[in-house]
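Please read the structure below before turning to the comments.
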Ligand code: CNA
């Protein structure tokens, strides 16, 4: 990840943007302003300003706006530059809660940490004041206690078949790595528990070092060389995104021949805006429990942007609503890899249980 030494503020936007999004949500609720009226206002302004980014006639790219349409696109075009964008929803069936799902989401279960507000647990300013809640939560969610899901193995299979250009994940649980997605194909946009650094002298620490400290309740872990606190390299609100993220997005998206987005509310910037980097001719498939990305950014102002599956002008976007594992399995089955995917998951879970002897919290069955 880009180090905390780099004080370029450009990347502080993500945290600010998310905080702003959340703030805007509550304002919206309070004032009763609906997405409809915002969209209406946006389209009205777009008409007045003569901005018609969404109106230009476009060539239809998919035969149908379904998983079948996506499969036909893959087969006809021999897609081998597929980009996957993933969020917390691909890991919920492994037993790791996401942020925003009602009842089960982390934000709804943080009362015990007595925080000023839920996001504070991932805010650097609060962490400096009181790092304990973050480390208590880290203990609950620590990598090594969970097994990858069908989604993670689907991405691994895409790579094995030479079809994956890059997997961009917002997740910090390292399950892509556990599933065998190679480092060069992986962009961990919000960092990872894989490594850590002393916040004072920047000395680097391994995951095992941090894990030993955290599980021995030696919290917060203190640097061996100075009195600084050691923090896993996960990106907090107010921190820069990893350099690999910025380098990869500049070259990857122009090549993308299919974008698959799964398990994300697409509310955290700049990650969410990556959907707009896919070229015009590139289909985009959302696999999620709820619609996402369709009312984001400039789309609210009738100026293109965002996923288009709800718009009459849609030529390329598919929304598949349901469980990510089921969506990936449906896609794999239609590609003729259903059994291979199930077998890969079974064998890998057996291997993890046997070789690593880890005590897993859940073994979800499809
Ligand atoms: P989010 O905002 O919590 O959204 C998750 C989305 O996934 C929601 O739209 C859910 O409806 C959907 N969802 C949840 N479970 C499933 C499922 N089984 N099948 C289909 N859809 C499902 O999370 P995002 O990833 O969009 O937000 C980005 C945050 C979350 C990043 O900064 C992450 O670091 C952070 N996060 C990561 C983890 C993890 O590493 N596993 C866990 C919790 C939060």
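Residue positions begin at 1 at the first shown residue.
Here the Cβ of each residue, glycine as well, is placed from N, Cα and C on the backbone.
Residues or ranges marked as region 'Disordered' by TrEMBL: 1-33 (among others).
Taken from TrEMBL, the feature domain 'Deacetylase sirtuin-type' applies to 60-338.
Using a 10 Å Cβ-Cβ cutoff, residue 172 (NAD(+) binding site) registers 24 neighbours. A coil conformation is recorded for residue 172 (NAD(+) binding site) in the three-state DSSP classification, outside any helix or strand. Here TrEMBL flags 88-92, 98-100, 170-173, 288-290, 324 as NAD(+) binding site.
Annotation comment: TrEMBL describes 190 as active site, proton acceptor. Neighbour list (residue 190 (active site, proton acceptor), Cβ cut-off 8 Å, at least 6 residues apart, same chain): 169, 170, 171, 172, 234, 235, 241, 268, 271.
In sequence order, 205, 223, 225, 226, 228, 229, 230 are the residues near residue 198 (Zn(2+) binding site), counting only same-chain partners six or more apart with C-beta under 8 A. Residues annotated as Zn(2+) binding site in TrEMBL: 198, 201, 223, 226.
Here TrEMBL flags 347-366 (among others) as region 'Disordered'.
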Item to check | residue 198 (Zn(2+) binding site): secondary structure state under DSSP, collapsed to three categories | outcome: strand
Checklist entry - Given residue 90 (NAD(+) binding site) and residue 201 (Zn(2+) binding site), what distance in Å do their CA atoms have, once rounded to a whole number? => result 35
Checklist outcome for this item: Rounded Cα distance, in Å, between residue 99 (NAD(+) binding site) and residue 201 (Zn(2+) binding site) is 31
Item to check | Where the C-beta lies under 6 angstroms from ligand 1, the matching recorded positions among 90, 190, 198 | outcome: 190
Checklist entry - Roughly how many angstrom lie between the C-alpha atoms of residue 92 (NAD(+) binding site) and residue 201 (Zn(2+) binding site)? => result 35
